[in-house]
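S.K.: Sharing a structure, written as structure tokens. Questions coming.
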Amino acid sequence: MSVCHVTPASRLFVCVCRPTPLSTLNRDSNRTDGWTGGPTAAVIAFQNPHIKVTVVDRDVTRIRRWNSRHPPIYEPGLHDIVRIARDGGRETDISGQSSEGIASEKGETKVARREGNLFFSTDVAGHIAEADIVLVAVNTPTKERGVGAGSATDMTAFEAVTGFVAQYAREGAIIVEKSTVPCRTAQLVADTLAMHRPGVHFEILSNPEFLAAGTAVNDLLYPDRILIGSAPTPSGKRAAEALLEVYAAWVPRERILTTNVWSSELAKLVANSMLAQRISSINSISAVCEQTGADVDEVARAIGVDPRIGNKFLMAGIGFGGSCFKKDVLNLVYLADTMGLPEVGEYWRQVVKMNEYARDRFTNRVIKCLNNTLVGKKVTILGYAFKKNTSDTREAPALEMIKTLLEERPREIAVFDPCCNPFVVKNEIKALLGPEITASVHVYGNAYDACKDSTAVVIATEFDEFRNQPIPVAAPKPVDQPEPKMLGRKPNPKADPRPFKESAPTENDLLALHKHLVQRDGQTSDDPLDRFNVEPDCDESCPDCIQAKESKETGFATGMGSAEEYKPKERLDWVRIAETMAKPRWVFDGRGVIDSREMVKLGVRVESVGRQHRF
């Protein structure tokens, strides 16, 4: 089937997350699929009810969880998107949900019933065979051994996908690189397809994702841009237009950029590398601040108003984590080195070195303040995910901090994260560091038990729940920076989105209304629009269900999609924590969320990243 014959009404989407048996993938691959493929597929299905979207993965347990009330990953808003796309939505009337009784300027209040069009399956070959468009969203970590180890991309999983697609894809199917891959990977895909299916035509597109963990759903619903790279041929441009039409269901066309496929592949690497560079830059200044008496937050605020610099990614801390930044910078390093550009490679290599320096420097600061010994002491780590509002723990600084602290033989290292399941975290730490070395690591379901009898509390993730001060106001906008266009921008989640712009509310309109209603005082229902269908049950092995049953007091996000998810999180009671800590009571703020002046009143000593003074 030629790509020009694919019509929206018949289009079938398949998103491949893991095509091969687990034994063929490396350790990192086994725990990292889903953060791109799952949310992306869910939002595409949510916005295109006429398109069948299937996520395929060989991991039976993972697919079982996607088909239950507890998806395998946590992202704010994802559960509600999955419920509508996977389970369908009931017909409903929204006229009674406003004090004015008005849903739109034109008075349309009926919301039609919709069928589920999002599916999750382990039948990889079968669904690839019937798909018009195949999105490849597998993990591409850094190689751990062999040529290029430590910087080159491990293409094991991606190569396996390509081989699978080559064997089973229908003629004329569009193959889309969703994974972050080295520049010119599309040629590898083309060669593999030609080897397995000589004479059969496929089009290959690059469509990198620019979502961020913790805000993935909003980034997908209101993207800054969609990038589609294609071959500069008539058939390549038709394939790009076919994918563009899918996104155009909710993304303004002026935000959909088209390039050649090589530019698209490289742009993703450069975007992540530039963001990582910003973080390493401010963290290097943080070290200078600690030696000079300057305050890194004040410095960041002062330079952020300069329109040539801007105020984004200037929050100092213990370094970046996540699956993307480090590996993409190293990918760029490897690309430069192999092309005879050693100076370029060394420049970008320093970004990763500075990131590791920031983390290790802060960890050593903890040990030094505790008299260079942790023997007999309990240390609590608040935050295990690499950033707030996500359960994504890939390359999290907390893990390396725990590893270093364990070498000092503490009595206990306690861990709490409000978005991570304690059972999952415990098993992950044990798998990565070994059961013997982690015998003294305990993961808790609430912060108060985790902090009880601790000599030191280390804040490793910037969760708002951990703050003892107001969330900081954003730095003033650069003087010459124009106001952004509001078209397609993220709405204020607390504001009533009505009256709607169009007579018939869009899925984005209904989602915004849902968020607004669940945040109203006194609202306890997680379905104020009465639109959700009954969810499928979880398997007996579901870790979230187990935690909910066994924990007497839990602070992690089991209630995904509930009314509580959209409401402001309850802050920790630091008075209560301080009362139960062991003297001399230290708090090490690695994310700039603690007001030291308030903590000193509680008899707590504070060391903060980017500040010289001890309180």
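Even glycines carry a Cβ here, placed using N, Cα and C.
So TrEMBL says this about it:
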type	residues	note
ACT_SITE	CYS324	active site, nucleophile
BINDING	THR140, THR180, LYS327, ARG394	NAD(+) binding site
BINDING	LYS268, PHE313, LEU314, MET315, ALA316, GLY317, GLY321, LYS387	substrate binding site
DOMAIN	380-481	domain 'UDP-glucose/GDP-mannose dehydrogenase C-terminal'
REGION	472-504	region 'Disordered'
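Describe the structural context of these features.
M.R.: Around the Cβ of CYS324 (active site, nucleophile), the same chain contributes THR180, ASN272, each under 8 angstroms and 6 or more positions distant in sequence. In the three-state DSSP scheme, CYS324 (active site, nucleophile) is classed as coil.
When secondary structure is read from DSSP and collapsed to three states, THR180 (NAD(+) binding site) falls in the coil class.
According to DSSP, MET315 (substrate binding site) is assigned to coil rather than to any helix or strand.
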S.K.: Counting by DSSP secondary structure, give me helix, strand and coil numbers for the domain 'UDP-glucose/GDP-mannose dehydrogenase C-terminal' (380-481).
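M.R.: Tallying H, G and I as helix, E and B as strand, the rest coil: 30 helix, 16 strand, 56 coil.
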S.K.: With Cβ-Cβ distance below 8 Å and at least 6 positions apart along the chain, what are the contacts of THR140 (NAD(+) binding site)? List them in sequence order.
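M.R.: THR153, ASP154, MET155, ALA157, PHE158, SER179, THR180, VAL181, LYS327 - these are the non-local Cβ neighbours of THR140 (NAD(+) binding site), listed in sequence order.
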S.K.: Give, as a single whole number between 0 and 100, the mean pLDDT over the domain 'UDP-glucose/GDP-mannose dehydrogenase C-terminal' (380-481).
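M.R.: Across the residues of the domain 'UDP-glucose/GDP-mannose dehydrogenase C-terminal' (380-481) the model's pLDDT averages 91 on the 0 to 100 scale.
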S.K.: Among THR140, THR180, LYS327, ARG394, the annotated NAD(+) contacts, find the widest CA pair distance and round it to a whole Å.
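M.R.: Of all Cα pairs among the recorded NAD(+) binders, the widest measures 15 Å.
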S.K.: Ten-angstrom check, please: count other Cβ atoms within 10 Å of the Cβ of PHE313 (substrate binding site), all chains counted.
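M.R.: Excluding its own Cβ, PHE313 (substrate binding site) sees 16 Cβ atoms within 10 Å.
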S.K.: Applying a 10 Å Cβ distance cut-off over all chains shown, what neighbour count does LEU314 (substrate binding site) have?
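M.R.: Taking every protein chain into account, the count is 20.
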